[in-house]
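Just below is one structure, and these are the notes that go with it.
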C-alpha cells in the first residue's frame, strides 16, 4: 500500500522527526511505501501532488495544527499524536490500512474521509467528544447491519411468530423454512447483543487506546445487564475511557509499568466502571422503569392521541433502552387482553418504532452533507431495519449526535403514535414491521401515520443539523458529561 | 567554541542516580560551561515548560528533554547515561539514555537539520546500542557527530 504522512510537534525539533522515522521504519517492515512531510523547525519538504494522489491513506501525527489539510480531501485520514507515532507506528499504519477499504466501499456515496478511528490530539473538547462517539459508532454499524438484516430476513421467511421458535440447538430441521428463519433470527439476535458493548468499548478505545477496550466492553455489557440500553452504553464508554486515561497518569514503579496496559489498567478500569454501572446506575434505572410503568398504567383512561404520542416518544427516546422497553412492554402486555384499545396501542407503538431508522435513512439520503460518510453508509440498511420495526437501526445516528438526533426522533415517533391512535389502526402481532401489515386493521391510514412521522423526524433532524451549531465546529453543544470525563 | 552539535565535554556516561530535574540541570551545566547556553535558569524554565506539555520519555529507555530557547546560542546536544535509569514519564519505565537538545530561538534551517537528523537517529536500534555500550566520551561525541552529518 502507499501512504503519505505529516508529522508536527510543538517545538518542531524532536518528535516531528522521530515520528517520521518511526513511521518510515514501520512502513518498510510492512513492505509499504510511505512519504513523510515533517512540518518542523528544519523547514519541511512538502509532499508531492503525485504522492498524495497515489496514496491509499493519509496519516496525520501531530500535536499542533497540520498545514494545508485540504490537500487530503477525499482520502481516508488517520489522526494521532506524535507520541503515538513514535511509540506505536506499526499500529498506526494498521489503522491507516484498515481505513482504506471504506473509501473503496463508499461507492456512489461520494469520497469518504472518515477513517475507522479519528481522534485529534489538540481538538476542542466538543470536537473530541464527537470523535470519540463517531469511533464507537463506526464499529457498531456493521453489527447493526448484519444483525438487523438477519432479523428482518427471519421475519420475512418465518412470520412474526419466529421469535417464539425453539432454540435451534434443540430443534433444527434443514428441510424446514421455519427452522432456517429461526436460525437467522437467533444469529441476528446474537449479533445485536454486541451493539452496546462494542459501542462502549470503542468509545473508550478512542479516548484511552487499547487498555480501555476491556473496561469499555465490560461497562457496555453491564449497561445491557442493568437494562440501560445504548445511552447507558455511551455513559459506560465515556466512563471507561475517562477512568483509564486517569489511571494512566498515575506514576508507577518501573517493575509494574510493563504490565500496566495488559493487566493493571484493564483490571482496575473494569472494576471501577463495572461497579459504577451495576451499583450506581443499575438501581435508579430499575426504579425509574417501575415508576414509568406505573405512570403509564395510570394513563390508560387518558386521551388516546395523547397516549399514542407519549408511547411513541418513549419508543424513540433510547431505541431499545429502558424507556423504550417500558413502552413496548406496556403495549405487548395489553395484547393478552385482546381489547380494542390494547390493539390500537400496539399499532401505535410499532408505528413509532419504525419511524427512527426510516427517518434517519430519509434525512441522510436527501441531505447527505449533514451526515458523515459512516452515517450515510448505515442509511441503506436503516431503510430495511425501519420497515421491519428494528428500531436499533437508528442507534448509529443517535449515538454520534444524540443531542440533535434524539429529540427529532421523539417528535417524529410521537406524531406517528398519535396519528395511529387517531386513525384507530389496530395490530395483534407484537412485532414484524411491514411484514405484519396484513394483520393491521386499517393498513392504509396506518402507513400514512408512519410516513407522517418519518417526514416530521427527518425534517426536524435536518433543520437541527443545519441551524443548531454543528458539534464539529461549535463548543457549546457538547453535553455536560464531557467536562468531567475529559478532565 | 566549537560549532559541532556535540563535543566530548557534553557527554556524561555516568549520570548520578537522581531525578529528572537534577539530571537536566547537570547536563545543562555542561552546556553553560561550553558557552552554548547563556542563562541557565531561563534555559531550564524553557525545558521544563516543554516537559509539562507532554513528558518526553519514550519507549525503550530514552528521555529527550528539549526546547527552543533565547538562552541557547547554537544547536547543541548534551548526552547523559544513567545505569539505574531516571524517570522521564514513559509508561514502560525510566530512561537510561538522556538527550538534552538545545535549539536557539531563531536557528537557521541548516542548523536545525542537524537536530532533525539526530531525532531520526534516536529511533534506530543500532544508534541506541552503540551509545549504551560506549566507554569513552570522546568516542561517543565523534560517533554522534558522524551520524548526524547531513
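The backbone N, Cα and C atoms fix where each Cβ goes, and this holds for glycine too.
TrEMBL does not curate its annotations; it predicts them automatically.
Of all ranges given (A:345-366, A:367-388), TrEMBL attaches the label transmembrane segment to A:345-366. Residue counts for the domain 'PTS EIIB type-2' (A:1-98) by DSSP state, with H, G and I taken as helix and E and B as strand, are 42 helix, 23 strand, 33 coil.
With Cβ pairs under 8 Å as the measure, the transmembrane segment (A:217-247) is packed most heavily against A:180-205, out of A:180-205, A:259-282, A:294-317, A:345-366, A:405-424.
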